[in-house]
Protein chains: 2
Amino acid sequence: MLVEVRERIDAIDRQIQALIAERARWAHQVGKAKGPLKAAVDYYRPEREAQVLRQVLDRNDGPLSDEVLLRVFREIMSACLAQQEPLKVGYLGPEGTFSQQAMQKHFGHSAKGLPLASIEEVFQEVEAGHADFGVVPVENSGQGTIQSTLDMFLASPLKICGEVELAVHQHLLSRSGRLEDIERVYSHPMSLAQCKAWLRQHLPKAEKIPVASNAEAARRARGADDAAAIAGENAGHVYGLKTVAGPIEDRPDNATRFLVLGRELFPGSGHDRTSLLVYVRDQPGALYAVLSPFARHGVSMNRIESRPSHTGRWQYAFFIDVSGHVEDAAVASALAELGEYAADVRVLGAYPVALL
Amino acid sequence: MLVEVRERIDAIDRQIQALIAERARWAHQVGKAKGPLKAAVDYYRPEREAQVLRQVLDRNDGPLSDEVLLRVFREIMSACLAQQEPLKVGYLGPEGTFSQQAMQKHFGHSAKGLPLASIEEVFQEVEAGHADFGVVPVENSGQGTIQSTLDMFLASPLKICGEVELAVHQHLLSRSGRLEDIERVYSHPMSLAQCKAWLRQHLPKAEKIPVASNAEAARRARGADDAAAIAGENAGHVYGLKTVAGPIEDRPDNATRFLVLGRELFPGSGHDRTSLLVYVRDQPGALYAVLSPFARHGVSMNRIESRPSHTGRWQYAFFIDVSGHVEDAAVASALAELGEYAADVRVLGAYPVALL
């Protein structure tokens, strides 16, 4: 029985391997008409990758989860690209940061990651062409927008050509798994903050004890019957703790969002987002007027964030994310009208919406 | 042309996806005869994985490199295992260390990694069953054996069930790419030490300047015509530096070696190594006598390392690695004879030789 199953798996592996090699050869054909291409960056098309991965998800009827299957296909695409000089992607280092995770989630492990010391440096290295792309955090759901990232766009010519989301889920873990036993809750201060409302409602009397990391919290909770930890579910598996409740973060969409920076705009993938930088004169009703073209053309706005413009000439700069690609008719029409109301409009990027 | 190529790739992806799903279903059958299995650790067979990956390498005739192809198949196997509760693997943290890289190289990204504070803690968590496996460094080619790892085996019942090697190659990089321009060489102190002989021979007069990281060294070298950096080749790509020479490490096999710790011995994969802990009485000729059975049975020794035994009863403990699996006839015969000469012999593990 075991031998037979293994022979079947071997046969499947032979077929998969032959198909991956064939895929790699075809991928190498893409764009050849454009002339001699040498590096992966010449072949990389984010809109196409997003389409391929969306098809993979649409087709998935098990047994593997969407998340696991996406990871495998991301690696296959990453491998096919790495036939040429691999993609070089700068990220906010050091190694082991969420930015590195986001980079690897988006580009796979056959891309070459470059840990950099600051968000500024990521912009610089991409601008100078030393990195093909960059990955920087732009939003922690706990802390809100990372202003310093947005501000970089005020002076940088770079384009946003992708976004990545890393989900962060918090669970309450304890040895017994019973809420009524808990008198102390250990966790990293950030995680305690993310679950503040839940704790106030369900454990108003428990002592909240900040520790260096959620793993440390789980280790402590393992040692006592009246203690619990707030940590990822994974820590529960590892430390033999039971889940008392989860996810317990106050914002159910708790995630960190990253932007992928590049030097050019890519075509639409069919499910995209456009990021705009809009300068508005300081006069009554100006912002309202600026937003009206989107409403008129049925373009939904996902985010708006005002910043001092630093130019002195205009009082305000607005970072606005809208649904759709800048080439889509509705977005293009809204942008054309926007020009009448705004002092200046820059398209920061148009890119596929993050998948998972 | 482009549309046609993309349609072909889409068709290939559909086939790959169907095959991966089929593979996952068969993988789920493996071992079902043994009764109800719940977690990935019940399905994990390192000797089988090594065989599958060796077959992949044997079959590979391009266009993807062995390294890239191995990574893809490692992820496919990791994904198929992750249908059950995923493997939990402790490693010497924090995240971003070489130990994490080694863990991911060996187990793929669908395994759950647990960063731990010390090598001792990795042993403890695996012994206690909170982690299924552990990954710890055992040898840096620069510094030699990590004694504290070996010493853990003196008191631990854990078995070695795998090894992982991470290659570390150093290159001399500069803006011009010309050796004669170089008056200063920047690098991390460890990298400078690893290339000492090469530097003495080729750049005896250049100033060697230690800096915090090899990436920092590359950044500095980019700023001056008379400076060079010792760093990975990747840094050269990223910083636009040319390779003056490389690899230039004094030991051409420069690598870090890691052990995979588990709670049981696995069967042979056909290309294995056995690690032994041999206690020897302090008497003339004892070590020579202990080694003779290996020679007689044609078993080659890969390593030998003596340590104080800490038991008081025997003066010396020897860590010995030999080629072959403990179940192989030659190794088994040598071990049987060894019992006559040694005060005690423990099989620390028998595991597939690292692939790449």
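Residue numbers in this text run from 1 along the chain shown.
Every residue, even glycine, has its Cβ placed from backbone N, Cα and C.
Keep in mind that this is a model prediction, so the values were computed, not measured.
Here is what TrEMBL says about this protein:
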type: DOMAIN; residues: A:1-88; note: domain 'Chorismate mutase'
type: DOMAIN; residues: A:88-263; note: domain 'Prephenate dehydratase'
type: DOMAIN; residues: A:275-352; note: domain 'ACT'
type: SITE; residues: A:T256; note: site 'Essential for prephenate dehydratase activity'
For this session: Restricting to the domain 'Prephenate dehydratase' (A:88-263), report the mean pLDDT as a whole number.
Result: 86
Exercise. What are the DSSP helix, strand and coil residue counts for the domain 'ACT' (A:275-352)?
Worked result: 24 helix, 31 strand, 23 coil
For this session: Would you mind checking how many other C-beta atoms are within 10 angstroms of the C-beta on A:T256 (site 'Essential for prephenate dehydratase activity')?
Result: 21
Problem set entry | the domain 'Chorismate mutase' (A:1-88): DSSP-derived helix, strand, coil residue counts | 65 helix, 3 strand, 20 coil
